[in-house]
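Swiss-Prot lists 28-90 with the feature domain 'LIM zinc-binding 1'. Swiss-Prot lists 92-154 with the feature domain 'LIM zinc-binding 2', giving sequence analysis as the kind of evidence.
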Amino acid sequence: MSSAIERKSLDPTDEPVDEVLQIPPSLLTCGGCQQSIGDRYFLKAIDQYWHEDCLSCDLCGCRLGEVGRRLYYKLGRKLCRRDYLRLFGQDGLCASCDKRIRAFEMTMRVKDKVYHLECFKCAACQKHFCVGDRYLLINSDIVCEQDIYEWTKLNEMM
């Protein structure tokens, strides 16, 4: 679940911020360090207030309060996009074997098709591809350069 991070200010004359709060700083407690927030700028996320340095990914520790960052909150964990997708990302099906691809698995992608690494091989000769190898995508089949002519000829007969 993705959550918005709101940047707040205690300065009523500061125009660029999203919203100005008229709350005495002593009443705000940081959701991370549990200390009072006396900073001019602070964040609001997951129904709590945060020092800018305290709102961070629970796994990798990257700051989530930076401009353009998204906060993902699931199972009580604050996560950056990368870690969220690594843990809970969308599973899919391999275009070759139709078996499940887990979110953390390494894959090969060709256009809108996704393949397990072990399934990313020539449909004709079963040779696994190396970096720089040329191939053609025919429907969901990947065919190496050497087998393109035979593969298309064989499929035309079917």
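Glycine is treated like the rest: Cβ placed from N, Cα and C.
Note that the structure is a prediction, hence the values are computed from the model and not measured.
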Item to check | Tally of residues which DSSP labels helix, strand or coil - the domain 'LIM zinc-binding 1' (28-90) | outcome: 8 helix, 20 strand, 35 coil
Item to check | Residues of the domain 'LIM zinc-binding 2' (92-154) by DSSP state, where helix covers H, G and I | outcome: 13 helix, 22 strand, 28 coil
Checklist entry - In the predicted model, what is the mean pLDDT computed over the domain 'LIM zinc-binding 2' (92-154)? => result 85
